[in-house]
Amino acid sequence: MQQLDFAVTVSALLGIPFPFGSIGRVNPELYALSAGTWDNQRTGINACTPQDDLVAWKMRYAEVLCVNSWQVKRYIDQYSGSSIIGFSAEYLHHVEELYSKAQANWSEVLKPTCPSETAKGEEFKESASSALQLQIDAYSSFLESFAKLARSAWTEFDLWLMGTGLLLMILSVITQAYILVRLNAVCQPSDQECPSSRIIPKLSFAFTLVTIRAASLLSNSYILAEGRVTNFLLATSCIAGVWSSATNGNFTIEEFIFLLLNIFARFGIELGMSKQIAGPTATKDHPVSIICDIFGSSFCNVSMDIFPIISLAMVTCIVLKLIAYAVHQRFLKYFIICGTILSYAFIANYWASESTLLSHTKAVQEIGRSLAPRFVYAIGGLSLVISVLWRLFAPVDSLKFNKRITSLSAAMLCSWSPTILMLLGRQGAFVALICITGAWCIIMLQQKYQKDSKLDITGSCVANPVSVTQWSLLAVCLFYLTGHWCTFDGLRYGAAFIGFDNFHIIRQGFLLSIDTFGVSHILPVLSLPFVAIHCYNTASKKSKVKDVTINILIQVHLMYGLITAITTTVTIVCVTIQRRHLMVWGLFAPKYVFDAIGLLLTDLLICLASFYYS
């Protein structure tokens, strides 16, 4: 039984109207099990003679197919009138002729006729059964013809182009992997052996994590639970690091914090996924509902207003310390500090204007809701322009290479982060804390790995693949933690109108793209230099540090792009295999679109970053 016929068959068995969008046919074998169709000696069509159960069933089934065909014809007419593409006029005319012929035959079957006195009852039964069978065949021919027409118009795929695209993605993955291997070989000094005994296990572990996550995308259930799967893999990498450190007796506080962070991220993902469900967000068994039952609803309301402000203040302090530590050019540092303070002040003002704890006049609320977001966008854009101009016109040799990269990276992050925080809403500050804490743990664990391996930056022939993999998994967790979902109805359209009341397709589309991919693609890619340059103060004294630093920076970017490319390639394979699945347009195709856009954005940012830091 085909899935196309399931909905109408169940509707016929339950005695309810057929779904308007269904073009299937009532399954005869399953419908034959319905009550009242196998009663013996039922009255005939015209009450002239008894008829056996087969004729009675055929009569009942022909009646159901009549309604079934009428519903499909009604759908054809409305779809053909409203659709831009529509169906082929010649084939559509042929289908309509089949329906008209079936209806004309049905009128003949329903005419009251009685057998003549000389006719035998068996002959009359055979005649009625034959007429009903012809009528069933006529309706079935109409329904099958239109189903064939719909399949040819809706579910025909160009396998040649699909195979070409998949082949290009596979070649891209192979090329990136080959470049990574060659970079490692070219940069390796001739008088020093690469510590492959330490790199290969980490590379194997990172590859296993990426492979498991990619393979999980072959199932629609795991696509729905992608946030949980990614968080599980990230926690697995944390537990593996804790186990290794405990075995060697050098356990650090960063590993414990990173493991604890995954627990908070898991609860955040559960809360973010609950926003995708229609109806009330906090059900009886939801953690938020349980906390509100314990402490009271008033406590929850006050906490929901105060906690984001406290989190924002913590994020502000951390970002200002990052700027003071990472940005070494005086003018750029002071400009970014002033812009960051103003942006976060406007964000707090915007949240305060929406708070129910404070009383505001209508004018104050209007200013806070409309002008504050626009000031944040303007300051972010100005900071971005200033950082690019400083990159283009500042003296190249004014700073050491590592300090120059960290200054540019910090300036770029501080230009984007206020806008992303504004669009994420009140949850943005909490998400930023998780992002910053996770980044700090990964960087500290990277330094710990280098220290345990007894390597300086000139001896590190390859970047740590586990750190890059954890960075990628953390980015995916942040995507689902913010309530996003890889479906078109999972887009947070309200974020596109923060600060604006009127719709403009370019402006609102740009803001919606930043909200969707900001915390999962833009910030992680722009933060990659901090993963690569993890000890520039020590490395700045080395003679060959610039070449090795550039090599590691390129490796980190290529690793991150390779992980994204592998995931997208497997998604393409999944869509190719499941192209005729019932959920292809509801789940698999949107997942492919999100991954493809994410890969394109990641590659674009990596290319721009390569030019920006060079």
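In case you wondered, yes, glycine gets a Cβ from its N, Cα and C as well.
What TrEMBL says about this one:
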TRANSMEM  159-179  transmembrane segment
TRANSMEM  199-217  transmembrane segment
TRANSMEM  306-327  transmembrane segment
TRANSMEM  334-352  transmembrane segment
TRANSMEM  372-393  transmembrane segment
TRANSMEM  405-423  transmembrane segment
TRANSMEM  429-445  transmembrane segment
TRANSMEM  457-481  transmembrane segment
TRANSMEM  517-536  transmembrane segment
TRANSMEM  548-572  transmembrane segment
TRANSMEM  592-613  transmembrane segment
*Segment proximity, the transmembrane segment (334-352) to the transmembrane segment (592-613), 3 or more C-beta pairs under 8 Å*: no
*asked:* Against the transmembrane segment (405-423), which of these stretches has the most C-beta pairs under 8 Å: 159-179, 199-217, 372-393, 429-445, 548-572?
replied: 372-393
_For the transmembrane segment (199-217), distant same-chain residues with Cβ under 8 A (at least six beyond the ends)_ = 223, 226, 229-230, 233, 236-237, 240, 461-462, 464-466, 468-469, 472-473, 563, 566-567, 569-571, 574, 591
*Are the transmembrane segment (548-572) and the transmembrane segment (372-393) close, by which I mean at least 3 Cβ pairs under 8 Å that are 6+ residues apart in sequence?*
no
_Same-chain residues at least 6 beyond the ends of the transmembrane segment (429-445) whose Cβ lies under 8 Å from its Cβ atoms_ = 241, 252, 254-255, 257-258, 261, 264-265, 268, 307-309, 311-312, 314-315, 318, 417, 421, 467, 470-471, 474, 478, 481-482, 519, 523, 527, 530-531, 534
